[in-house]
Amino acid sequence: MAQTKRSRDESEKEEVVVKADVESSDVDHSFKSLNLSQPTMRAIEKMGFSKMTPVQARTIPPLMAGRDVLGAAKTGSGKTLAFLLPTIELLHSLKFKPRNGTGVIIITPTRELALQIFGVVRELMEFHSQTFGIVIGGANRRQEAEKLMKGVNLLVATPGRLLDHLQNTKGFIFKNLKALVIDEADRILEIGFEDEMRQIIKILPNEDRQSMLFSATQTTKVEDLSRISLRPGPLFINVVSEHDSSTADGLEQGYVVCESDKRFLLLFSFLKRNQKKKIIVFLSSCNSVKYYAELLNYIDLPVLELHGKQKQQKRTNTFFEFCNAERGILICTDVAARGLDIPAVDWIIQFDPPDDPRDYIHRVGRTARGTNGKGKSLMFLIPNELGFLRYLKAAKVPLNEYEFPTNKIANVQSQLEKLIKSNYYLHQTAKDGYRSYLQAYASHSLKTVYQIDKLDLAKVAKSYGFPVPPKVNITIGASGKTPTVVKKRKTHKH
């Protein structure tokens, strides 16, 4: 054990760093230059791809040469194709059959992201004979096990469900594993799958396994995971150069400063005016999403909702419905923020501010994706939150201030309050939404920016349709042991 530790430390010094210059002329960006197999090339042409993104041009050749890769790639850079093409080519060249079991495993943090990758796999493998499948939490475990026993050559999985099958599904053959992909590694660890990942890496064979790990942000935990999963001396590909901004280049980004009581009115006016566009609105809690979605649908502004309290089938249906729509509004929590490739989104609205610059970068990664992506992003800030801009500036995120003429803001406050008062169901969801907003606010990690005691609760309540703040209980702190009663505009701690 000590021996491997030492040799790994030594080999890390040999790690090769490739800084990608987006305009680099020394790299051929055509897919034809990769000498891909006939079935793969047919699929790529059918999908309408001809040129690689910078991430793909830098990553695919070394991966096809069998190198282990640690990729720092920002969301929307085309990394899904970057790891799928080499792994599919590997299965093809080894002539994998169902009886050989699983040759490639792709681990990804959320069910939505897994479905997303699986959709691309299905298109890319249309003309191949190899089998592919997906195992995710929330799906039917028995059906998954039956498929695994028949032999799934390329498997897309979320960590918890994968570990379950590795430990408990008899007849799941993975001894011939040739490639492991860990996508959105930082997110997998953030959600709390560190232990599962360690166990998975222990169980999987690593004799002649090629591994690749992708992460939008590099943290010590990501480094630890790469140390145990990659072979010594991986190729480190950084496609975010030092002077580069952290968000995709075709993205116009702005913020608007708005008092708490005017937030909903401004959002409503904006959505009403942009009904022909495709828009995603981010909120900080499931209950807020439920409330605003119910409300907007009730007042004839049709929206879709996506959040963690929905059943998996509902989330999947909603996601694909929004993907296939030419226009529409999706209201969601951060569960949908990472890596979901929703085509041609015109606007990202961050109605509740993100916890830190990394969340911001991942949220706006939904628009301006791929080689020629264009999109706009708008973040709502109350005056007390302007300090967040300093953090974004430090994270190299360029922002402009937008102003909205007050006479263009629909004053529907009195109608909103009447509706919330008279409709019992909406009144309840509004109260839950209000409570969850405060709860999420209290749990923000940037305490210097998001100070719950500075919130004007009367104004916050107005944005949920209450003329006077309702009494709600919230718990502050991860332990949940500090009950806090929020009443009128004071916060009493017991």
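Cβ from N, Cα, C; glycine included.
What you are looking at is a predicted structure, and each value in this text was computed from that prediction instead of being measured.
As annotated by Swiss-Prot, domain 'Helicase ATP-binding' applies to 60-236.
Look at Swiss-Prot and you will find 250-420 tagged as domain 'Helicase C-terminal'.
Annotated region 'Disordered' per Swiss-Prot: 1-23, in sequence order.
When pLDDT values are averaged over the motif 'Q motif' (29-57), the model yields 89. The annotation motif 'Q motif' is assigned in Swiss-Prot to 29-57.
The motif 'DEAD box' annotation in Swiss-Prot covers 183-186.
Residues or ranges marked as motif 'Bipartite nuclear localization signal' in Swiss-Prot (evidence: similarity to another entry): 262-278. A Cβ distance under 8 Å defines the sequence-distant neighbours of the motif 'Bipartite nuclear localization signal' (262-278), meaning residues of its chain 6+ beyond its ends; these are 256, 292, 296, 301, 303, 325-329, 342, 344-347, 349, 351, 378, 380, 382, 404, 408-413, 416, 463-464.
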Secondary structure tally of the motif 'Bipartite nuclear localization signal' (262-278) (DSSP, helix then strand then coil):
12 helix, 1 strand, 4 coil
